[in-house]
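**Student:** Dumping the structure here so I can ask a few things about it.
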Amino acid sequence: MSWGVNWKASVGLLGVGIKYLAVTLLVPLIVALAYGEDIWVFLVSMALVAALGFAVERVDPDPDLGPREALLFVSLAWLAAAVIGTIPYLIAGYGTASTVGLQTGSFGALTESIVNALFESMSGFTTTGATVLGEISTDRHSHAVLMWRQLTQWLGGMGIIVLMIAILPEVAVNGAQLMESEAPGPELQKLTPKIAETARALWLIYFGFTIVYIAILYGLHLLGMADNMTLYNAVAHGFTTLPTGGFSPEDNSIAAFSAVVQWVVIPFMVIAGVNFALFWHVLRGEAEVMLKNAEFRAYAGALAVVTAILAVLLFRGAAPAIELGGTTQGVAGNSLRQAAFQIGSLLNSTGYATADFVEWDTDAQILLMFAMFIGGSAGSTGGGVKIVRWLIVGKAIRRELFTSAHPDVVQPIRLSGSVVDEDAIRGIMSFTILYIVLFAVSAVLLSLDAARIGIQLTMLESTSASLATIGNIGPGFGRLGPFGSYLFFPDTSKLLMVFLMWIGRLEIVPVLAVFISAVDGR
Amino acid sequence: MTDRSDGRLPTDLEIIARDVGSLLLMEAGLMTLSVAVALGFGEYYAALGFLISGGLTALIGGLAVRRFADAPEPKTKHGMVIAAGGWLGVALFGALPLFLAAWVTPPAVMDTFVPAAAAAASWDPIAVGGTTTVSSLAYFRDPLHAVFESMSGWTGSGLTMAVHEPSLPRAIQWWRSFIQWVGGVGVIVLTVSILSRPGSGSYALYQSEAREKKIHPSVVSTVRTVWKLVVAYTLLAFAMLFAAIRLSESAYAESLSYGETAWQALNHAMTGLTTGGFSVTDNSIATYGSPLVETTLLPIMVLGAIAFPVHYVVLRDRRFRELVDDLQTRWLLLLFGAGVAVLSIQNVASVPATPGAFATGSFLPVSVPLLDGAGLDAVRDSTFQWISALSCTGFQSAPIGRWVAGAKVLVVGAMVLGGAAGSTVGGIKIVRGYTVARGIAWQFSRVFLPKNAVVTTRIGDRTLDRATMEREFGEAAIVTLLWLVALAVGSIVLVNVAGPEFGYADALFEVASAQGNVGLSSGITGPSMSPLAEGMFLFNMWIGRLEIIPVLVFLRAGIWGLNP
């Protein structure tokens, strides 16, 4: 069975990655040590993962990747990460009431617990932030497991492949092809001639921002301005802000923290939605590259406009009076903070919340849903359709209007001063339509599947579930709100959403291309 | 606006005004013809309405034509603006007979149009000039309702403000059917000779048919080819429907006189064939409660959804293989079959969850395995409604508002896609859907090939090179995207202004129906709907009919002019 692709090479290389994933389990292990929690959970997990890695590596000890193998590898890597990420959840939760812990009471309970763990893990690695944990507190789950949950988002944020290219020479050989498949956005910007250096530069910037951010959060705590922003919480949120993740070990997300903390989180969420390559230019003293970048300008503009509209709506009373974090009606400061936070969180797909926006008026909710459709920038850690795609779609529409009246005129499309390749434009059109179709079809499937077991989803719930998972956003509306959970969905729906998060993170192309080439069998 | 000539209007504007004016002159002719219909039925007030409308329309149209008679021939760049402006102008003036007839007819006379049926007692009375009437004619005293009805007619949509059609004067019933019929011919002309520009799929498919570089000769030759076909099909449909209604055993059908039967058969033949969907009966086709009438309408709606160039080839050359060879027709027939099956399964499965949506008694004399009475009714309704939706006709035989959301969304899918370009259907059209799908598949098949590899793709029996593919895909993708965006925005607006009893699925359904020029309704559309939603539907129907881009070109030209 060849399927026209040398799958052994892809799987063999996968083993290398899995092996190194075992090392990351050291982080929760240390947390467990610090809090005096069970450390055997992570020791066993590490042993299992490492053994699996060595075993899988044996499939092809000297992998040689062509373009197809590279795509297959990228697709599989994310799936494998999600599967491996379930191990700590399943083991730690065994015999407890945890919804993601292994349950062996009945076959139904067993499959449900495994599906839940897979959902949580995929939601982590793809930086979605949708959760099936139910009750999120350190009473129910250990500090260490919750930290693992945060860490998966940090690992997934800049891209597990980019990380592998940066540190593993075996992977760096095919780096360009791999990075192209994983990078969010239509085009990969090579910063340096060597792809491994580009990958390293991106991860360093990402790492640097994370450190600075954690230091500021913890600094606030030390200054007495944020009581509950302990070192644990500072690190935990440090792991999920820059990757636009959205997981929080607090049940009330960022609403659990003071207004000062919320104001600090906002700029870092905004940063996470910017193309990280632009920061590289800024660090080299070329700030004008960033300021002249069309996508960056559009991103900043979109944030400003949508935030302003939402702030006005909140000021005029779009939120109920007893609002978590302060009443907004008539209070300019609170309105602005709540608007900036929610938009900063949803527009670039983070998914934190400082208010239960499912209680807001419909027009405010629709504005939020609109923001969810925009997405972050290409080359950022954000999900969604991506701003640059909307820019190019808009320009293509304008050109179509022009050329339909003047068929003989040839007009190239320019972005930030340079001509966009027609191939790329067609790719963006394909992507956008496919994204919308997948989103719509999945929304219908989710609502049919829920009805199958007697749950009636509202249209807002089914569409937001589909949008929040394919766009790697996290919270939706109705029962899926920022303080709600995806727990009540049937297993089949959860698997569908796992699939959506997976292809959403990889932006559809690698996954579908692998499927299609398998079917074609060429 | 560079080409000004001695202080007069810019040449572009003159050309457009002249051509829209001549369209209005034609409309005035239709109105004059309808005066005869009104007089024939002894409806003198309606006749007066038509007479004044015809005069006004002729005056405005004639002025424009005369004033700008020496403007040059239109070029490609004018075609779209004329089409978009023409449709808007014709729809606005087409509202005049409805509006004027509603104002000149005294309430007492309106009452005489109301049929004596017992059902009329439960109708809502409408206040007119200090008294009330139950005749739906009174709704058209509101200019917005009149324009809505006219736009719905000229775009072949079929959403209506006349709640109880039998209480309209005959002349008004006639005008509604007549504008759908003429509008249908207009659409064929539009797609075959104006919208089909290089880069759009329908251009490539039907290039050989009656196409010339200049707009006027092309339009004229298309009309010449098409009108005979349409008249012949309409007569055929009329005969079939007449026989079907006479042979039906339902109480309603048996209560009809020969004259009434002929009248209904004529109107429904006109609106069914051009996939318009206005009816003269109170509950659309559900009024008949007759499986026979529904079955008879199926082939009529299917005929209307097949591209006219294909009809032409089939009839002229007796080449019935063309129905399978033509890409769009093949897919259309496939989708009819597949959709009926899927929708039937969905509806049969949801019978227990939707009390009141399906009749319980079996309509067949023999029993069918696996299906009880309600299941059979679900299959019957699904069949009719799917074909009505995909062909964008909008005849309704079932209370779709009571169906489950899943079934509504399936029907939305049919209304969004629509039938074949080159016929009278709305929606995105099969050729576009196919081009987009091929383009995306092409995109994936190229992932593994070197960037400069020569790749060709096949659409139907044409082999496209890269540049052509790029153009056609670009056009199809952009129309599809704009269509979906307009649908999403429209449904979000509607769900906010519609009553709390309507869910998001209903709003999506209604906007898809308006924008797809279908005319099925989940119950939102009616004289009591919010004026904002009603105005939005006008826009949805307009852009849907013109496939969006011409309207945008029209608006763009309105702001920046036609010259780059």
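Glycine residues also receive a Cβ, built from the backbone N, Cα and C atoms like all the rest.
Straight out of TrEMBL:
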TRANSMEM  B:20-41  transmembrane segment
TRANSMEM  B:47-69  transmembrane segment
TRANSMEM  B:81-104  transmembrane segment
TRANSMEM  B:178-206  transmembrane segment
TRANSMEM  B:226-245  transmembrane segment
TRANSMEM  B:297-315  transmembrane segment
TRANSMEM  B:327-345  transmembrane segment
TRANSMEM  B:409-428  transmembrane segment
TRANSMEM  B:476-498  transmembrane segment
TRANSMEM  B:537-559  transmembrane segment
**Student:** Within this structure, do the transmembrane segment (B:20-41) and the transmembrane segment (B:81-104) have 3 or more Cβ pairs under 8 angstroms, counting pairs 6 or more apart in sequence?
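**Tutor:** Judged by the Cβ rule, the two regions touch, with the required three close pairs present.
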**Student:** Does the transmembrane segment (B:47-69) come close to the transmembrane segment (B:297-315), meaning at least 3 CB pairs under 8 Å for residues 6 or more apart?
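**Tutor:** Stretch pair does not touch.
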**Student:** Between the transmembrane segment (B:20-41) and the stretches B:47-69, B:327-345, B:476-498, B:537-559, work out which stretch tops the count of Cβ pairs under 8 Å.
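**Tutor:** Maximum Cβ contact count belongs to B:47-69.
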**Student:** For the transmembrane segment (B:327-345), could you work out the same-chain residues 6 or more beyond its ends whose Cβ comes under 8 Å from its Cβ atoms?
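**Tutor:** The answer is 205, 302, 305-307, 310, 378-379, 382-383, 385-387, 390, 407, 410-411, 414, 417, 419-422, 429-431, 434, 459-461.
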**Student:** In terms of Cβ proximity under 8 Å, which residues at least six beyond the ends of the transmembrane segment (B:476-498) contact it?
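**Tutor:** Distant contacts of the transmembrane segment (B:476-498): 200-201, 416, 428, 431-433, 435-436, 439, 504, 506-508, 510-512, 514-515, 524, 529-530, 532-533, 536, 540, 543-544, 547-549, 552.
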